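If you check TrEMBL, you get these features:
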| type | residues | note |
| --- | --- | --- |
| SIGNAL | 1-19 | signal peptide |
| TRANSMEM | 157-175 | transmembrane segment |
| TRANSMEM | 187-205 | transmembrane segment |
| TRANSMEM | 225-249 | transmembrane segment |
| TRANSMEM | 270-293 | transmembrane segment |
| TRANSMEM | 329-346 | transmembrane segment |
| TRANSMEM | 358-382 | transmembrane segment |
| TRANSMEM | 388-405 | transmembrane segment |
Amino acid sequence: MQRLLFTPLTALLGSPCLRLLVPRVAPGTQCGCSCGIRRPLRPGQYSTISDVALQPGRGTVSLPSKAAERVVGRWLLVCSGTVAGAVILGGVTRLTESGLSMVDWHLIKEMKPPTSKEEWEAEFQKYQQFPEFKILNHDMTLAEFKFIWYMEYSHRMWGRLVGLAYILPAAYFWKKGWLTRGLKGRVLALCGLVCFQGLLGWYMVKSGLEEKPDSHDIPRVSQYRLAAHLGSALVLYCASLWTSLSLLLPQHKLPETRQLLRLRRFAHGTAGLVFLTALSGAFVAGLDAGLVYNSFPKMGESWIPEDLFTFSPLLRNVFENPTMVQFDHRVLGITSVTAITVLYFLSRRIPLPRSTKIAATTLLALAYTQVGLGISTLLMYVPTPLAAAHQSGSLALLSVALWLMNELRRVPK
């Protein structure tokens, strides 16, 4: 009877697959003699999964804290990747003017696309009732409508995938007890932000479906709502990536000198500047401001265009005047690349780990690549491939800035 009970259990606990989940015993924790006596393990050390206590009454294995952190860190890294995909796909949807093709929002019902000709015609007829068709696309064919509809559909379905990627694993890890008290708060906030994103996306789309009898301008979503939608997505991306890198990257015990403190503060400020520059791109996209003054470095024939302050009151120009919006984006972009250049040279003046120096160099290279993409996009009147690459470059910059900040983070005593 003992063989029947304990042989399978012994085989399970000794299997190679389960051993991979936990750290191996450090060298020197077992004596070299053949007596089989082991030295006491330090707290947090495990030789095999069998050394981890089975929680009584639950029948589940509690992972060591470090192993659980790695699992959660990798999950959040994947989640941040899905958010990046949603931001890029959303940018392409905006560039192809596809965002107003789906005039309804249903969480479950709209997951099934039209399949028959009758269903497509019914969907097209709904679209024809709204300003974008009446003013901009009044000669659109059904085949052309299908293209923009599928673009928006892909963006919405990807958003649902992002929600599942966060919520389902979060519930599983919570139940398994793999989240610390601090991580529980962060994970709850991230899942809440994902749900808020979906509601904010529909709130943004609604602004482009409203009838405006006094306006014959091209129908578009509110640039304020677009900026809020993009900004919350960037916050979700940065928070997920930061938490992931904090769990996965080793902590460097750097000497707390005045130079390091200055570098750390400057890195945080530079990352904030990159975030603000990316956010200002939402106003550029929302107002089609990339289609005015397609020259560089001057705007037309002057450094400061005459129509920079045409709106009243003065503050409206910052958010509603396409000329001012493009001007602001240029200034922020130039300031960001200048700050990144200064950050690179500051990082060369103090001894840093190799990985930290690689992060600083990568950030510098990406910054100048992003500037090249931005100027090319402007001079060529915003072609979709270049504009999409420019938008993706802002995410890459943010990613490496967060990587560098993690490399420089203070090690708790």
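One-based numbering along the chain as shown.
Cβ coordinates are placed from backbone N, Cα and C, and glycine is handled just like the others.
Most Cβ pairs within less than 8 Å of the transmembrane segment (225-249), among stretches 157-175, 187-205, 270-293, 329-346, 388-405, belong to 187-205. Through the fold, the transmembrane segment (270-293) approaches residues 91, 94-95, 218, 220-224, 226-227, 229-231, 234, 238, 299-300, 305, 319-320, 322-323, 325-326, 328-329, 332-333, 335-336, 339-340, 343, 377-378, 381-382, 387, 391, 394-395, 397-398, 401-402, 404-405 of its own chain, all at least 6 residues removed from its boundaries and within a Cβ separation under 8 Å. Nonlocal intrachain contacts for the transmembrane segment (329-346), taken as residues 6+ away from its ends with a CB within less than 8 angstroms of a stretch CB, comprise 259, 262-263, 266-267, 269-270, 273-274, 276-277, 280-281, 283-284, 289, 299, 360-361, 363-364, 367-368, 370-371, 374, 397, 404.
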